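According to TrEMBL, the protein carries these features:
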- 166-279: domain 'Phospholipid/glycerol acyltransferase' (DOMAIN)
- 100-125: transmembrane segment (TRANSMEM)
- 132-149: transmembrane segment (TRANSMEM)
- 169-188: transmembrane segment (TRANSMEM)
- 195-214: transmembrane segment (TRANSMEM)
Amino acid sequence: METLPWRKPCFSFARSPLISSPSPSIRFSNLPRCSLNGNLFLLPLTLTRRPSQFDPKFQFAALKHTIPRRSTVVWSSQGGAAAYPLSGFQFGSRIRGICFYMVTAVVAIFLFVAMVLAHPFVLLFDRHRRKIHHFIAKLWAALTIAPFYEIEFEGLENLPAGDASAVYVSNHLSFLDIYTLLTLGRCFKFISKRGIFLFPIIGWAMYLLGVIPLRRMDSRSQLDCLKRCIELIKKGASVFFFPEGTRSKDGKLGAFKKGAFSVAAKTGAPVVPITLMGTGELMPAGMEGVVNSASAKVVIHKPIEGSNADSLCNEARNVIADTLLLHGYDVHHNV
């Protein structure tokens, strides 16, 4: 955060509709400011009366109507400004966020060693499903989230048999979605950006787990990814897609891309829709440094089968959308 230098505030007089005498209005250009992530914010300013600067007839108490107390004035790039009440810094959520990453890092180090030791046997006897690695990943996720939030599961009976191949799809709200889904203990392969594989420990564990790499905005990489998914399903593994393509920025369910459903249609594997709720409140998209106090819910729906990718896509999205609406969440309808 960069704090810009102090400049003496400038005042100009304007006629207020609340009083008959002139009232001072602040010219925002000279207020103390700070820059955060490229946005300018005006710092709170305490005003005191200086009779020499104002008309003697001016009633200073009228400032309460023109300048809200205990407020932050936010400068807009469109030339406007707005005052928002200060809600206080979320120290608790920040501390929980720091503790969350400390716990996940410490647990990951020890379990990564176990994963490395087991990897030669996995390659020899279970190259495609990698059940041991997925059990370790489930243990890692469960130990990480246990101190911070609880998960309620609904529809566990709808999960396919442990050895059955399937295409799992879900809405995507938060960075915590992966942790939450890993606690299901299913041997599905996620699709992840290639750059994440470079992260120490976590990225290396993803490689051992068999996560499928993808370069976004690269059509050849996307085609290779779909081919890899089809190959895995034919060999008895399962894959997991977030059909929206990325985390929802506004918490609403977005449009689904058809890649996952093309894989299901070509292989005959069932589509298992999953609805995630609460993870967006726990760690909103773009606020990965905080963990709020909340809980998550996972609803597993009945598998959907078919040979038409469009119909599979529409049916899966409708099932997830209906569940979100039933629980008070919003969705984008015109998609």
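Each residue, glycine too, has its Cβ placed from N, Cα and C.
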Give me the DSSP three-state residue breakdown of the domain 'Phospholipid/glycerol acyltransferase' (166-279), ordered helix, strand, coil.
46 helix, 24 strand, 44 coil
With Cβ distances under 8 Å as the criterion, find the stretch in 100-125, 132-149, 169-188 that has the most pairs with the transmembrane segment (195-214).
100-125
Outside the transmembrane segment (132-149), six or more residues from its ends: residues with CB under 8 Å to it
96, 99-100, 103-104, 107-108, 111, 114-115, 118-119, 121-122, 126, 176, 178-180, 182-187, 205, 208-210, 278, 282, 291, 293-296
In the predicted model, what is the mean pLDDT computed over the domain 'Phospholipid/glycerol acyltransferase' (166-279)?
91
Within-chain partners of the transmembrane segment (169-188) [C-beta distance under 8 Å, separation at least 6 from its ends]:
129-131, 134-135, 137-138, 140-142, 144-145, 149, 151, 159, 162, 237-244, 246-248, 251, 253, 256, 260-261, 271-277, 279-280, 282-285, 288, 296, 298, 316, 320, 324
